[in-house]
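Everything on this sheet refers to the single structure shown next.
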Amino acid sequence: MAPKKPPCLPSLLLPLLTLLLPQADTRSFIVDRENDRFLLDGAPFRYVSGSLHYFRVPRVLWADRLLKMRMSGLNAVQFYVPWNYHEPEPGVYNFNGSRDLTAFLNEASIADLLVILRPGPYICAEWEMGGLPAWLLQKPEIQLRTSDPDFLAAVDSWFKVLLPKLYPWLYHNGGNIISIQVENEYGSYKACDFTYMRHLAGLFRALLGDRILLFTTDGPEGLKCGSLQGLYTTVDFGPADNMTEIFALLRKYEPHGPLVNSEYYTGWLDYWGQNHSTRSISAVTKGLENMLKLGASVNMYMFHGGTNFGYWNGADEKGRFLPITTSYDYDAPISEAGDPTPKLFALRNVISKFQEIPLGPLPPPSPKMMLGPLTLHLDGYLLSFLDILCPHGPIRSILPMTFEAVKQDHGFMLYRTYLTHTVSEPTQLWVPNNGVHDRAYVMVDGVFQGVLERNMKHQLFLMGKMGAKLDILLENMGRLSFGSNSSDFKGLLEPPVLGQTALTQWLMFPLKVDKLVKWWFPLPLLRSSHAQAPSGPTFYSTTFSILGEGGDTFLFLPGWTKGQVWINGFNLGRYWTRQGPQQTLYVPRPLLFSRGALNKITLLELENVPSEPQIQFLDRPILNSTLHKTYIYSLSADTQSPSEPMELSGH
């Protein structure tokens, strides 16, 4: 018999090291139902959390925002995962750059923040289509957020990619994710499809295991259809709501365990054409203190709002179509530019009564910069760039097709036809069944005629000779993001009617405006000179330099009407100066080249250019100038307006 080898030193030490080192197996986050509390690693625990959306903040600023949240006394961060941000086409995934979800989880870990994750598949969040990808609508009959096999197949495919990425970050696996929400405010959706919810719960369990805490969130009126046995039930409400009544209602669905408000509203969202929403410091702090006295766990929505860059804003339907502004400042404790506000310090003071606040001061506000005014120069009419904007040429169809039918998710599409007879008197152009989704800019032989708008402006009067070119530029202003979330198709949903004639034989140009701005417009262009300001969709641009390091700034567009703006090729978002309330666009310092390097700003003005096509960069935002007011910027003016009652619509 061969002699036994003596055990080597490492093998003798291994059991000892196993006992000494903290193990992932000893980590746990569970509900202690007997004592109505959470237990973290066996010890009583309550989270005071805040919402921040990585997709609304440039990656380079994640660490700054998370540190400020931790220094405010929070011990957790809550955030969504927007499916459409990561799967732009079926089977094509993007987790790079500002979409690097695991990098954000790591930044939260560095900031010593636990994570409450809300991966959907539907998230609302005032985000385009509530986070659902628009390509789902390429199957026009699909029933979103139900057990429709087409929808479930797409969801299953997505979660089989996403959830394994999250698995190593679960708390019991050594990560920082303590709980995961299934769906989002499903009780506010018309379907009430428990088969769908059970399917999701089973999918989460199959891919994430049995140890992670899964939960649901609903407003008080949504608990009946939104809660599901086996998922922990939480509720959401704001400072103006009756906390006692709502928590009593929650107890009917979750008799034992900690009380949880998953969305305690610190402010509210803004719609174009309405007042900037604010929520008073005293109301927010009083409500938080009362909940913490009850031992409840609370997540504040939002703690830092951020920005709907590009085309990512969502929309609501409240009697009419209400697109959401580019700014998602939300009157949150940390401003859109990442600065601590008086609301933050007041909330920090409340939190300090219940748990330890990290030592040290909060970082100060970031440096701000003023520049201008700068004069912009005409690059040309949008119609002049069709060959570049639509390099593969138009799509031909007897009837107009939707954005979704031609696989154009965002931005703009041009519809073109030719008049089949002379229209010598002003004749009504309209689209039946409110079929303009969402805003149409109408031109005859290149001359701007006016606007048709969903729910708001249904007709124009036109004249033109036989053979005249009728162009209708359609803008997708953001798909519905809350509640009914019915399939919100974009473009011309019905053939336009001129007089009594339904117009047919359409050319459709899906426009790649961002590619034009990023790749073509940096090249020198022959400038057009016009004695008067042009109207209709037109590109303007200029270059400028910044001496020194510069700082965060706010782009002000006095006299401009409506459009889209890019800085150094980055799509900053929509402006609608004429409509308000938002008058400035937040420009993060990392987007700008400093120390004398040239920066390029490009505007696509959709309607009317001011007689002096100028812009300015300000050192503070203007978020509350509403429709038809005179806009006067003053360095000393208090830009706060009285808050208006806020109707809960969910997130």
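Each residue, glycine too, has its Cβ placed from N, Cα and C.
Features reported for this protein in TrEMBL:
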{"type": "SIGNAL", "residues": "1-28", "note": "signal peptide"}
{"type": "DOMAIN", "residues": "38-353", "note": "domain 'Glycoside hydrolase 35 catalytic'"}
{"type": "ACT_SITE", "residues": "Glu185", "note": "active site, proton donor"}
{"type": "ACT_SITE", "residues": "Glu263", "note": "active site, nucleophile"}
{"type": "DOMAIN", "residues": "537-593", "note": "domain 'Beta-galactosidase galactose-binding'"}
Q: Could you state the whole-number distance in Å separating the C-alpha atoms of Glu185 (active site, proton donor) and Glu263 (active site, nucleophile)?
A: 11
**Q.** pLDDT averaged over the residues of the domain 'Glycoside hydrolase 35 catalytic' (38-353)
**A.** 97
Q: Please work out the helix, strand and coil residue numbers for the domain 'Beta-galactosidase galactose-binding' (537-593) from the DSSP assignment.
A: 3 helix, 28 strand, 26 coil
